[in-house]
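Engineer: Pasting a structure below so you can have a look.
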Amino acid sequence: MPAILTRNRIGTRLIWKAALLSLLFSVAFSAIHLAIEYNRSLDSLDHTVKILETAHVNTITAALWSFDREQIASQLDEFSQYPFISYAAIESRTAVVSEWGTRGKPGVEVRTVPMAMAYNGRMVPVGNLHLEIDRSSVLQGTLVSAAVTLAFQAVTIAIVVLVALKLFEREVTRHLAAAASYCSSLDITRMNSPLDLDKERRDDELDALVDAFNQMRESLSVAYQQLNQAQKMEAVGRLAGGVAHDYNNKLTVILGYAQLLRQGGVVDDEAREQVGEIIRAAEHSRDITSQLLAFSRSQRVMPVRVDLNRLVERAQKSLGRLIGEEVTLRFSPGRELWSVRMDPTQADQLLMNLVLNARDAIAGHGSVLIATENVVLDAAACGPNPGITPGEYVRLTVSDTGCGMDRETLEHIFEPFFSTKEPGKGTGLGLATVYGIVRQNGGAIQVQSEPGKGSVFSIYFPRFQGGDRVPEPASLPRAAAATGTILVVDDDEAILGITASMLRHGGFTVLAAGGAQEAIDICRRPGMAIDLILTDVIMPDMNAGALIPLVREHQPGVKVLCMSGHPADVIEQRGMIGDDMPFLRKPFSPDVLREKIALLLPADR
């Protein structure tokens, strides 16, 4: 537990400040009260002195007239009872008859009251009453009274401070200490138990703080899970991209030799059928690598302006055939739907995978609903979807009445090769492909599902406001005439062999180099004329980007076609070749190879 809360420093500082402030106010108010009381006491003293003068003058006058010493002494003794009278004297016209106290103290106020006696119709002076008033006694009395009052106030403040400190510790600091202890022991990987304070009342600021903290804890927990999932998906994506590259190299060899066998090397019908099965299996494997690349967001795409309503309407009939007669497919198009920017092929692939996933979740009869609509997301709506910012989006929703999924399944559905189907009935790449396509196009995907209640996949694509038109697919030229010399460069002997065989089978003159340096040596041979270089991009000694300028020093007019099992996007991002460099992605068939070459070596050259 943090020391600042253990020792109750917050409460101590707060209470001491309040106590000092209270004491200052108490002293100030006491000073004001002292001044008022002092003036009031002075007024009271003056009033008392006047009363004494009035009450005693006649008696003293009569006693002095008759020279009654006993009476004079008795009257003088009356004045000694008052502490503010420091000196009193009864004087005749010629001398002091009787006196009490000390005469002439500093700061006293002297009062002389003349005394006269009526005699024969006139007032005959008989003497004076001499009084000296010491006002300092009044001030002293007032100060003593103020000191006593201030002492009582200080004691009261001290008691209040101690009680308030105890109450503050009970009502505030112990709860802050509990919250601090909870926070210091919080583990971001396990945040299941909420913060709960041992309080009787549940409607104050501390409870508001606890509620806000628990909301933050839940948001942090969700964000951590999403971040963990995103990091895991990113790592799997990189792995998938690397696997796809190696897989493509092997498929190039398998597809190439199988197609060469089918074109001319196999006569027996049964053997031709077996070769066909090899080709179909290899092509299916090629599709799997395409899905892996889509998941890893490494596949080259050609985004254009897309109307999702038109895309779904065009695909609705074929999708209906895919899901079968027992499942009803419905489409609810959004009105005045905004356009999005993405590759139409990817959009078709995404829609097909979502619908097939919905079909597989339905046992027997059921329905699948595809819906589109325009949505505007604010910051609150973007909270559960990290990676998406507030703005305008087109939402594509695919919902089904299937079996639904539990929380554990939901955490893994976008992972490659994860499948709830029986072995052999699914690749586990459908939703992984969907995830990769959505992320590659700047969107976000959200899934809502409960066991027995179906699933809802909501995909958000940013609104596109540009003016692109969907281009018409360009027709490929017919295969080039079997003329020309082609230099094939690849460090993989199997790839080098099958590529050279494809080209020789097509009638080209073929030179083979097992690396970049060997290719340079071939190009610098005297009299060597090469029409096209077909080179792998990534090789141990030198990549294609560095090789091409060196080759053109010896073959200035040579055409170049690059090939790789890595997608073109990845290679361009790494700066290995320019984005305008002709590119052939492995695996490729002899026909595709000839079509690519036809673009570079037209028949009428």
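Cβ coordinates are placed from backbone N, Cα and C, and glycine is handled just like the others.
Remember, TrEMBL labels are computer predictions, not curated facts.
Heads up, here are the entries from TrEMBL:
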DOMAIN    200-225  domain 'HAMP'
DOMAIN    242-465  domain 'Histidine kinase'
DOMAIN    485-601  domain 'Response regulatory'
MOD_RES   Asp536  4-aspartylphosphate
TRANSMEM  14-36  transmembrane segment
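Could you place these features in context, so I can see how deep they sit and what lies close by?
Structural biologist: Taken through DSSP, the domain 'HAMP' (200-225) splits into 21 helix, 0 strand, 5 coil.
Secondary structure at Asp536 (4-aspartylphosphate), taken from DSSP and collapsed to helix, strand or coil, is strand. In this view, Asp536 (4-aspartylphosphate) is surrounded by 25 other Cβ atoms within 10 Å of its Cβ, with every protein chain counted.
Packing against the transmembrane segment (14-36) from elsewhere in the chain are residues 142-143, 146, 149-150, 153-154, 157-158, 160-161, 164-165, 168: each is 6 or more residues past its ends and has a CB under 8 Å from a CB in it.
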